[in-house]
Amino acid sequence: MRGTKIIFLLLLFGHLSALPDTIRIGGLFHPEDDKQEVAFRYAVERVNADRAVLPRAKLLAQVETISPQDSFHASKRVCHLLRSGVAAIFGPQSAPAASHVQSICDTMELPHLETRWEYRTRRESCLVNLYPHPAALSRAYVDLVRAWGWKSFTIVYENSDGLVRLQELLKAHGPTELPVAVRQLPESHDYRPLLKQIKNSAESHIVLDCATERIRDVLQQAQQIGMMSDYHSYLITSLDLHSVDLEEFKYGGTNITALRLLDPERSDVQRVVRDWVYDEARKGRKLQLGHTSAKENMTFIKTETALMYDAVHLFAKALHDLDTSQQIDVKPLSCDAEDTWPHGYSLINYMKIVEMKGLTGVIKFDHQGFRSDFTLDIIELTRDGLQKAGTWNSSEGVNYTRSYGDNQKQIVEILQNKTLIVTTILSAPYCMRKEASEKLIGNAQFEGYAIDLIHEISKVLGFNYTFKLAPDGRYGSYNRETKEWDGMIRELLEQRADVAIADLTITYDREQVVDFTMPFMNLGISVLYRKPIKQPPNLFSFLSPLSLDVWIYMATAYLGVSVLLFILARFSPYEWDSPGNCIDEPQVLENQFTLLNSLWFTIGSLMQQGSDIAPKAVSTRMVAGMWWFFTLIMISSYTANLAAFLTVERMDSPIESAEDLAKQTKIKYGALKGGSTAAFFRDSNFSTYQRMWSFMESARPSVFTSSNKEGEERVMRGKGSYAYLMESTTIEYVVERNCDLTQVGGMLDSKGYGIAMPPNSPYRTAISGAVLKLQEEGKLHILKTKWWKEKRGGGSCRDETSKSSSTANELGLANVGGVFVVLMGGMGVACVIAVCEFVWKSRKVAVDERKEEASLCSEMASELRSALKCPSTGSGGGPANTRDGAGSPYLHYGFSTKSQLH
Ligand code: ASP
């Protein structure tokens, strides 16, 4: 019962809301954009063919062709259309004509459908614009620029519309942030002067806003002046980049990105386009596509054309929806009368609430009637043409679908066909001129660690390279006055080179302006100085094992012990003996420890020789025992230390570290001019290094050098009066070859050498990866050994060290000469004493025998004669130097002292 009721109501309703059989819709088109008209007509045909869209009526396209600038003519054609009774007006595309059409439609309350960029759309007007709303579109550009992290960029625009289109971008980068340059394209078709200015400003991020037809021209001219390098990025605001022929830019490596509304890869889009092309061809109508494949045809379908197709479908859908709720009739309207179409607003409202899927994605309008919720594809130019890299939509922003790995793979592919310009400077052992009899050219001129390294990297990534020496031969430093960089860094910044490879230190300042790879070598600043001059061995180096104090203490101990022994022996009764063994009750007792004997005894034991005298009393034995113990320890210590002192050559260096340098002013020190070493001291906050920097800066003549080689030569020439602050790796190389130089102290800091590239270089990650790979494979180590220890005289100082260490055990006369001197001295003194003894005794004998003064000489002569006389043959085995006869001085000799006992 209830079901019958519903069917009845529906039938009644259906009867009431019958549409006229034919509904006219007007289209205003310009002669030059015939595709709009074709799209319009085709869409009408599709709607009529598909009964599901508008079941009870057919659309009838009524087309008027107008000139874009002639608004008066446009208004007349609109009035003509209105008179013929149209339900909506589509187009036109030109702004002046469109605004006239819109005001007429507003007056007549007639739906006006547009498909063009228009920022003046009012909420309450009769306009339904399918083109994405400018504010939303502008936000998409802001999101993209943010996602890429562009710090600065230049906007190149064609007319004021462009500025309006990019106003969100301009607002997002206000004066507080990094500057945004805005430049207008000239009217003429020569954009080179403008592009050159942008190039000179070193800007590599460009937002290009111009008519789709001009994009190719602008890019071509940019290419001519070298602005289509790997480091340039273009964001093109046109939604129709797919319709531009970008063939010649595909392999350049330039990052060209745009957004699009129409996704040609979508199957429904492809089907519509294919049918359309086929249909047009069947009817013999020229679509001027000229291509056969549907994909290629896609490039000729602009966003606005697709939007026109969608507009007709939107209108049909809204009409159908409105038809279900009210009776619609279409009546002719006169521009001269104050007449309106009563269903106009209803139809407009239906169009704004309807949600449908068109060629340009989901079509829906916000509460203001603007199309602000839409999805855009992010497209990038690759070697295979434009490829979708991600999407943007107003709620989620940028969403990249291509993975990081995909991007890198693509970059490596691009690299494989590239010839990179590699800037470097001559600095051993990183880059040196090859020694050859014939003249070398090109890359063959150079050899070294850096040359081998880039060769290895190129093998991994498959690119070619050409070396180019930096014209000023410098690493790269920032001049705060001119605000310019020099050296290799400048070459990179001005994009005259793609890669800089040398002993280029990664520093904060450089990292701000160029990109560095992972470090391929680690190092620190140290001091290059002359080796300390070897001291000639000291003649009396045998005295060195004990210090002077110890020698003095030993001499004192020797005298003290001798005197004590003498005294104790006197005290002790057990040291007094009878002179002969057979005398029981001796009148005279003898003590063997006279002062001289005591001295002899102690020196004998000190020299480890002993003597004939031996103590008998416990007290004297105690003295002797302790003295022997003392000598045992002293002599062992002396012997243990002696070898070291005789063999080790003393090296006296006035400086042991950088701090020592800072403490003095006699030895000058400097560094490489404009290098990171000098910058380290200049920028250091540590007081010692600050002091060193002021010393270096104020020194006259200048202590700075133009190359490390010059620094090395200056240290050599300076003979100890100049020290050079240099990086440890280079010091290592120098001291391996120049045996007179050495590294003094440790490292003052820790840093690394990296390969530098222009800012935003797409190859940084790939080259960094290659460096890591080489490091893990041990290739970097092999290269280091080759250029440090093997090539170009490497290891020559090692030979010298091993030679000197093998001869270290032999002692020369210079080492032990002092011992001979002492021996000779001792002999001499003994002789002198012997003479004195002889003279003194002869004189004593002469006096005793009361001889005349004159007879002293004869007495001495007779003594000498008897001393030199050979022993008599009859004396048997008796001692040779004993003689008989009174008056002989030898009669009283002997180790005994007779003392009277009281
Ligand atoms: N390797 C350094 C540089 O990159 C040179 C130096 O200062 O020793 O500047």
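Each residue, glycine too, has its Cβ placed from N, Cα and C.
The feature L-glutamate binding site is assigned by TrEMBL to Thr505, Arg510, Ser676, Thr677, Glu727. According to TrEMBL, the disulfide bond annotation covers Cys739-Cys797. Sequence annotations record features per position, and here TrEMBL assigns domain 'Ionotropic glutamate receptor C-terminal' to 419-790. Residues or ranges marked as domain 'Ionotropic glutamate receptor L-glutamate and glycine-binding' by TrEMBL: 429-494. What TrEMBL records for 1-18 is signal peptide. Residues annotated as site 'Crucial to convey clamshell closure to channel opening' in TrEMBL: Ile655. Feature annotation from TrEMBL assigns site 'Interaction with the cone snail toxin Con-ikot-ikot' to Arg682, Lys773. Summarising the annotation, TrEMBL assigns transmembrane segment to 550-569, 626-648, 813-840.
Sequence features, as recorded in TrEMBL, placed on the structure.
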residue : record                                                        : Cβ neighbours (10 Å)
Thr505  : L-glutamate binding site                                      : 24
Arg510  : L-glutamate binding site                                      : 26
Ile655  : site 'Crucial to convey clamshell closure to channel opening' : 21
Ser676  : L-glutamate binding site                                      : 24
Thr677  : L-glutamate binding site                                      : 25
Arg682  : site 'Interaction with the cone snail toxin Con-ikot-ikot'    : 15
Glu727  : L-glutamate binding site                                      : 27
Cys739  : disulfide bond                                                : 14
Lys773  : site 'Interaction with the cone snail toxin Con-ikot-ikot'    : 15
Cys797  : disulfide bond                                                : 19
For L-glutamate, whose listed binding residues are Thr505, Arg510, Ser676, Thr677, Glu727, the greatest C-alpha pairwise distance in Å:
17
Out of Thr505, Ser676, Thr677, Arg682, Glu727, which recorded positions have CB atoms lying under 6 Å from ligand 1?
Thr505, Ser676, Thr677, Glu727
Using the alpha carbons only, what distance in Å do you get between Glu727 (L-glutamate binding site) and Lys773 (site 'Interaction with the cone snail toxin Con-ikot-ikot') once rounded?
25
Give residue numbers and ranges for long-range contacts of the transmembrane segment (626-648): same chain, 6 or more residues beyond its ends, CB-CB under 8 A.
537, 541-542, 544-546, 554, 557, 561, 565, 602, 605-606, 608, 808-809, 811, 815-816
If we check Cα distances from Cys739 (disulfide bond), which of the binding-site residues Thr505, Arg510, Ser676, Thr677 wins as closest?
Thr677
Would you list, in sequence order, the residues of this chain other than Thr505, Arg510, Ser676, Thr677, Glu727 that have their CB within 8 A of the centroid of the site's CB atoms, where the site is the one recorded for L-glutamate?
Tyr475, Leu504, Thr507, Gly675, Ala679, Phe680, Lys751
May I have the DSSP-based helix, strand and coil counts for the residues of the domain 'Ionotropic glutamate receptor L-glutamate and glycine-binding' (429-494)?
24 helix, 15 strand, 27 coil
What is the nearest of the recorded positions Ile655, Arg682, Lys773, Cys797 to Thr505 (L-glutamate binding site), using the Cα of each?
Arg682
Which three-state DSSP class does Ile655 (site 'Crucial to convey clamshell closure to channel opening') fall into?
coil
Pairwise Cα distance for Thr677 (L-glutamate binding site)/Cys797 (disulfide bond) [Å, integer]:
26
Between Cys797 (disulfide bond) and Ser676 (L-glutamate binding site), what is the CA-CA distance rounded to a whole number of Å?
28
